[in-house]
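**Student:** Below are the features listed in Swiss-Prot for this protein:
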type	residues	note
BINDING	ASP7, LEU8, GLY9, ASN10, SER11, ARG12, PHE13, LYS14, THR122	ATP binding site
BINDING	TYR91, GLY98, VAL99, ASP100, ARG101, THR172	substrate binding site
ACT_SITE	ASP100	active site, proton acceptor
Amino acid sequence: MSDWLFDLGNSRFKFAPLQGDRAGDVQAWAHGAEGMAGQPPHSLPSGTTAFVASVAAPSLTSAMLDQLQRRFEHVHVVRTSAECAGVRIAYAKPEKFGVDRFLALLAAAKAQRPVLVVGVGTALTIDLLDADGQHHGGRISASPTTMREALHARAVQLPATGGDYSEFANDTADALASGCDGAAVALIERSAQQAHTLLGVAPSLLVHGGGAPALMPLLPGADYHPSLVLDGLARWAVHQPAG
């Protein structure tokens, strides 16, 4: 029997076997939590223990937990805590800190160096972690995808997708892609500058999430880590008390 990790997001659902203190080979369903309903039950693994992180709607989380409880002897759901695996969360009320951000920090802390952790999903999240595991807070904004969707919802003539990044675009689709991607990059760059001032050293930049690949060409020196949340979930799992 085996232990598995499950990350239930707004736009993607990912799972992987637990291998030591990291995630093994990751499988993903592109349509996230809602797409889960169309999957046959046998497409999910079974085993001894399921470790689950979810930022999806409560009804979808409940549906997934119901399936997992039929396939695993034990099911553990992550909750953000003030401290775990050497990471100390800056929020006065840690339960208000998103579990995906929490797990990303647990994974990033393993390197024991200052790091700016950037998540690009429905939201753009930016969190600063120092080499000692102290979280210094962060920012939340709309991701480029969400910016595009919001503009399209208010002005249907503005396409929600398409276009290529250009510093000075000469058509609408490119201008939208450039503006929304550029806004995200500017916030990341501003955060990196302020982090350098605060810590006295430039942090490394660690980027994850479904929207990350589009930004990577604009972030020289950044590292892309697509399984960061699952790796953080693995660290959370191995740092839980026995039993």
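Heads up, the Cβ atoms here are built off N, Cα and C, so glycines get one too.
Note that the structure is a prediction, hence the values are computed from the model and not measured.
Set these features in their place in the structure for me.
**Tutor:** Using a 10 Å radius centred on the Cβ of THR122 (ATP binding site) and all shown protein chains, the other Cβ atoms total 19. DSSP assigns THR122 (ATP binding site) to coil, not to a helix or a strand.
GLY98 (substrate binding site) counts 18 other C-beta atoms within 10 Å of its own C-beta, drawing on all protein chains shown.
Under the three-state DSSP scheme, ASP100 (substrate binding site) falls in the helix class. ASP100 (substrate binding site) is surrounded by 27 other CB atoms, counting those within 10 A of its CB over all protein chains shown.
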**Student:** Give the three-state DSSP assignment (helix, strand or coil) for THR172 (substrate binding site).
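**Tutor:** THR172 (substrate binding site) sits in a helix per DSSP.
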**Student:** Tell me the Cβ neighbour count for ARG101 (substrate binding site), meaning other Cβ atoms within 10 Å of its Cβ, over all protein chains shown.
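**Tutor:** Excluding its own Cβ, the number within 10 Å is 23.
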**Student:** Taking only the residues the record lists as binding substrate, namely TYR91, GLY98, VAL99, ASP100, ARG101, THR172, what is the largest Cα to Cα distance between any two of them, in Å to the nearest whole number?
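**Tutor:** Greatest Cα separation within the listed binding residues comes to 40 Å.
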